[in-house]
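Only one structure is covered here, and it is reproduced in the block below.
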Amino acid sequence: MSGIFRFSGDEDCLLGGSMYLSPGSCPGVYYPARKRLRVAATSFYSGFEEKQTSIDVLPEECLFEILRRLPSGQERSACACVSKHWLNLLSSISRSEVNESSVQDVEEGEGFLSRSLEGKKATDLRLAAIAVGTSSRGGLGKLQIRGSGFESKVTDVGLGAVAHGCPSLRIVSLWNLPAVSDLGLSEIARSCPMIEKLDLSRCPGITDSGLVAIAENCVNLSDLTIDSCSGVGNEGLRAIARRCVNLRSISIRSCPRIGDQGVAFLLAQAGSYLTKVKLQMLNVSGLSLAVIGHYGAAVTDLVLHGLQGVNEKGFWVMGNAKGLKKLKSLSVMSCRGMTDVGLEAVGNGCPDLKHVSLNKCLLVSGKGLVALAKSALSLESLKLEECHRINQFGLMGFLMNCGSKLKAFSLANCLGISDFNSESSLPSPSCSSLRSLSIRCCPGFGDASLAFLGKFCHQLQDVELCGLNGVTDAGVRELLQSNNVGLVKVNLSECINVSDNTVSAISVCHGRTLESLNLDGCKNITNASLVAVAKNCYSVNDLDISNTLVSDHGIKALASSPNHLNLQVLSIGGCSSITDKSKACIQKLGRTLLGLNIQRCGRISSSTVDTLLENLWRCDILY
């Protein structure tokens, strides 16, 4: 159908045939050149322009008045879907601006809803949608935003939308948001006074002003974390200490503008009610530790990591100040000031100390451990990692002098440990309270050391011996043969010299109580171990035989166990001898499985994997 458009641009056309012949319709006929129509392009195309929606013609003030009078949250959510403009306008309406005479559900919500945005999904637009959508559905109580660094699209506008629509907010986590500043945090503080937990990580735009706003408005704040916020300094901590009397836990990490003045003022002001203090990689000296030791009357958990400016005197004063009467847990990592003298002082000054963890404390030796054992009579667990000055004699001295309450001992990556001389006579006191023993990646630890521990520890339930090339069947047997109670968890991963004999002995002696057995990377483990487990173990529910020599026959032995194994987790990853022939047996075991690892099993085909995925739908399968 053809038509002639009027010059005015209206889309009216003459129906029917054309008034003129088309130049191409009659070949061979001469036509004079037509004159070009003097019609402007804008005039011609103006007829195709969409007319503006009538409601968009309204001034924004009028549209604001209309939207704030919507009678229900459901209608507000529906209107938010009309356009981004409407969504942004709705999200800018605070609860105080809503017309209460026409709204029935603007009462303060309970705040039980939780929302999390990560990476590219974290935008101002999504925050606006969350603010509008959750306001009528119980109220948002927890918000977690993980940005993507300088590519993050979350700004103060998005936080303002949340502040206006979510007054019931109690938990806020802002991570890696460089575009967020004090303006957005202040909006949250003023509009969400019920905040109890605040986590700020890698937000360089937030300074002391933002923390001051939090302190002035959020008096219920009980948990504060500040991590890698370069704009936050001592003044912000002072404001928190003055106003937030309900603060119970504080964690500060990698904030270069925070020093002794801020930390000391905080602990002096809030030490009587702060229970958890975590200081990591800060420019502080022994003064801060002295204040903690003097004023930290309520502190029960103390973490000190990477405090390079603290010397031995700082730890000595902290312990001898006698103020940490309630301290139960102490973790020290990469602090050059932690020495034998400091460790002894802490043990003497903290009578209720139960858990101690020392990591990369290179100046702590066996002398310090013995002093700790003699002074900290309530000690229940000790964890040592990369403390290379500790040797086997320090270990022996600690175990000989530790109190009757020690339940767990862990040693990892301590290169100063060497094996005892098998011909030397060793004392044989009892450490009957020890229930958990973990020795990991200590190259010098061998059979003689295990024999020594076997003389001390008769009540072990959880044994972890990992990456110990010097340990053989004889050493493990010496450790376990004097055990008076049944083992519950055994981890022998990466002990390449442990064989089927050890597994057989464990299954015979402790088969009725054993629940977890990890043999990952034990190169000498074969089907005989699985036969022993199937025959003697009744309660095992977690079995890891990854990277061993087991084959289809071993899996068949497990599936046909007379004890009807109730396995929940089975790991056979990296077992190249297991093939498709084990499919039926794995399916039989899968009746109770919740987790199955068949990664790097090269002889299990994709069709078998598909069958397992289809039939074991309750099980989480790694393939």
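Cβ coordinates come from backbone N, Cα and C, glycine included.
Residues or ranges marked as domain 'F-box' in Swiss-Prot: 52-106. The repeat 'LRR 1' feature in Swiss-Prot is assigned to 119-147. The annotation repeat 'LRR 3' is assigned in Swiss-Prot to 177-202. Annotation source Swiss-Prot lists repeat 'LRR 5' at 229-254. Residues or ranges marked as repeat 'LRR 6' by Swiss-Prot: 255-281. Annotated repeat 'LRR 9' per Swiss-Prot: 361-386, in sequence order. What Swiss-Prot records for 387-413 is repeat 'LRR 10'. Annotation source Swiss-Prot lists repeat 'LRR 11' at 414-441. Positions annotated as repeat 'LRR 12' by Swiss-Prot: 442-467. Among the features that Swiss-Prot reports, repeat 'LRR 14' is placed at 495-521. Look at Swiss-Prot and you will find 522-547 tagged as repeat 'LRR 15'. Among the features that Swiss-Prot reports, repeat 'LRR 16' is placed at 548-574. Swiss-Prot lists 575-600 with the feature repeat 'LRR 17'.
Counting residue by residue with DSSP, the repeat 'LRR 1' (119-147) contains 14 helix, 8 strand, 7 coil. With Cβ pairs under 8 Å as the measure, the repeat 'LRR 3' (177-202) is packed most heavily against 119-147, out of 119-147, 255-281, 495-521, 548-574, 575-600.
For the repeat 'LRR 1' (119-147), the model gives a mean pLDDT of 85. Counting residues 6+ beyond its ends, the repeat 'LRR 16' (548-574) has Cβ neighbours under 8 Å at 519-527, 529-531, 533-542, 581-582, 584-586, 588-589, 592-601, 622 in the same chain.
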